[in-house]
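Under the heading FMN binding site, Swiss-Prot lists P23, M24, V25, Q79, K147, H175, N208, G209, N210, A232, E233, citing similarity to another entry as support. Sequence annotations record features per position, and here Swiss-Prot assigns active site, proton donor to C108 based on a curator's inference. Swiss-Prot lists 339-386, 444-473 with the feature region 'Disordered'. The annotation compositional bias 'Basic and acidic residues' is assigned in Swiss-Prot to 341-351. Marked as compositional bias 'Basic residues' by Swiss-Prot: 371-381.
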Amino acid sequence: MPKLQGFEFWSRTLRGARHVVAPMVDQSELAWRLLSRRHGAQLCYTPMLHAQVFVRDANYRKENLYCEVCPEDRPLIVQFCANDPEVFVQAALLAQDYCDAIDLNLGCPQMIAKRGHYGAFLQDEWDLLQRMILLAHEKLSVPVTCKIRVFPEIDKTVRYAQMLEKAGCQLLTVHGRTKEQKGPLSGAASWEHIKAVRKAVAIPVFANGNIQCLQDVERCLRDTGVQGVMSAEGNLHNPALFEGRSPAVWELAEEYLDIVREHPCPLSYVRAHLFKLWHHTLQVHQELREELAKVKTLEGIAAVSQELKLRCQEEISRQEGAKPTGDLPFHWICQPYIRPGPREGSKEKAGARSKRALEEEEGGTEVLSKNKQKKQLRNPHKTFDPSLKPKYAKCDQCGNPKGNRCVFSLCRGCCKKRASKETADCPGHGLLFKTKLEKSLAWKEAQPELQEPQPAAPGTPGGFSEVMGSALA
């Protein structure tokens, strides 16, 4: 069967998918993809896989792809990060039988991508990207796609997209933020950039960014003219986003845990998903956050989920008919998380610094930060009052705390240098240079003297050759 391209690939292989779950490291595993598909997702991506590791490590291939596929999980696109055309194609050839397309990650803005020289940090190396896409387009039996971030300039972003299309990219996902927009500096994604790309290329385009609810999806499709909309963080906080529903947080948690029992994944993935899904509820029930962080088994997590459900249902029964106050709805329903801006973040950090200063000045559990109060619950015998902590005198030579029982009144490092130089002992630091030297000398004196070999007497056989000569004679 000939390889489908462009709009034919999107309409037939991807079945005209409009609702797309993004590739998310340690978060878009099989169990989560299946949950998302049950609630309106029409296309999913695997987590980003490292092409070089995928080529050399059979266990990595098995754990991250070969054992992570099933018939219900289609259509599926496998995403790789890579910076070498040959390695990218080798990895893609090993993966192409398990998916419907191969995606090249050109959008990751994280520091690990900068150190590894991949993701959004390749967006200025157009010659390299052309070679990677062209070779993959020639060698693979499935289409190659790309996920990119925009440049600040719309015209440069358009030329970038056209270059990838010309090289052989069959579908483009455009995240409407630059690589500098991340974390507290994320800001809003530019749909204007996405719209300009869509008008300039003749392949399908997916939009990514600013998607928190179904109304955002519909507005993005209308305003940009793209073929589909991809959600990442919005999907993590509400997997039913594409259905336009906001179900109770425990409902989706229970459904997800049932899928995990059938399709196991690392417990760290499960815990991370529930922290996102329950984000607003855990602000109210902090002790359940502690429990979720501590449990070591899937059944332990299920028990925390059941406890959360009971508490929320009890709260609902007490507030029968009540309406939510403020802009946020009830905490027990799935809802977006609005990331605080840089100003809000700096205020929070300033508040944390002032709290620590207050603790240092006054001490006592009544003024401890929430984090230290949690630590005190875990370590009840540990003191957090600065006034009760032991005070250490400083070493005269380096300023580090000196040993209380050091014979030289120095820290261990300085004491070791001095004791070695003077062949002295410091029992306080366990340094016994003098004692060890004395024991060594005493041992040598106690050994019998080595006997010098005596010359043979005249007329007696002298050595091996002489004795053998006599015997032969």
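All positions are counted from 1 along the displayed chain.
Glycine residues also receive a Cβ, built from the backbone N, Cα and C atoms like all the rest.
Features per Swiss-Prot, on structure.
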| residue | record | contacts (Cβ under 8 Å, 6+ apart) |
| --- | --- | --- |
| P23 | FMN binding site | Y45, T46, P47, M48, I77, Q79, D103, N105, K147 |
| V25 | FMN binding site | P47, M48 |
| C108 | active site, proton donor | M48, C81, Y118, G119, A120 |
| N208 | FMN binding site | A22, G107, K147, T173, V174, H175, G176, A189, V229, M230, S231, A232 |
| N210 | FMN binding site | G176, A188, A189, W191, D216, C220 |
| E233 | FMN binding site | Y337 |
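Annotation note: E233 (FMN binding site) sits in a helical segment as assigned by DSSP. Residue counts for the compositional bias 'Basic residues' (371-381) under DSSP (helix as H, G, I; strand as E, B; rest coil) come to 8 helix, 0 strand, 3 coil. Around K147 (FMN binding site), taking its Cβ as the centre, 26 other Cβ atoms fall within 10 Å, counting all chains.
For the binding site of FMN, formed by P23, M24, V25, Q79, K147, H175, N208, G209, N210, A232, E233 according to the record, the largest Cα to Cα distance is 22 Å, rounded to a whole number.
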